[in-house]
Ligand SMILES: [Zn+2]
């Protein structure tokens with residue numbers, strides 16, 4: 001069982017720079033993956049990237065449903081995202097949120113199918129194909145590892161609004177001393 005680690009929030013540099021590829025598939029990586037699952041479940045997320053717990057490595061975990069309601073759970077190390085060609089793309093305009101920008105959601109159109117090629121924690125090649133929320137999750141988590149948050153894909157004005165609402169909510173959490 002992994003250890004629940006605190007989730008890093010927007011503004012922390014580790015979220016805003018590309019993560020390093022994993023080069024060793026060892027016990028440290030296995031332990032990191034366990035901690036990531038524990039942290040994701042504790043935060044009630046459906047996906048989590050390593051830099052969201054402060055580790056700048058290209059790893060994400062997910063436990064997420066697809067367009068048919070099937071649940072998919074796994075880990076992807078050194079993921080490479082593949083999206084349908086521009087002409088074959090259907091966009092899904094659902095709302096998106098992020099554990100690193102807690103409490104906020106905004107509509108963000110993304111392709112409704114995505115494929116990720118990568119490796120599991122033992123270094124075996126894996127390919128994951130996603131539809132529905134899983135397609136969104138695969139894109140969102142790969143973005144994290146490239147140093148981007150979903151709010152970076154919003155129109156500038158909308159991004160500002162989401163950040164302002166988040167800042168306001170963090171103020172409210174502070175004790176009045
Ligand atoms: Zn996120």
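Including glycine, each Cβ sits where the backbone N, Cα and C put it.
Because TrEMBL annotations are produced automatically, they should be read as predictions rather than curated entries.
Features of the protein shown, as given by TrEMBL:
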BINDING   98, 140, 144  Fe cation binding site
ACT_SITE  141  active site
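This view paints the features noted in TrEMBL onto the structure.
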residue: 98; record: Fe cation binding site; contacts (Cβ under 8 Å, 6+ apart): 10, 104, 140, 149, 150, 151
residue: 141; record: active site; contacts (Cβ under 8 Å, 6+ apart): 47, 48, 49, 60, 62, 76, 79
residue: 144; record: Fe cation binding site; contacts (Cβ under 8 Å, 6+ apart): 15, 19, 49, 51, 52, 60, 100
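Excluding 98, 140, 144, which define the Fe cation site, the same chain contributes 47, 49, 52, 99, 100, 141, 143, 149, 150 within 8 Å (Cβ to the Cβ centroid), listed in sequence order.
Note on residue 140 (Fe cation binding site): other Cβ atoms within 10 Å of its Cβ, all shown chains, come to 26.
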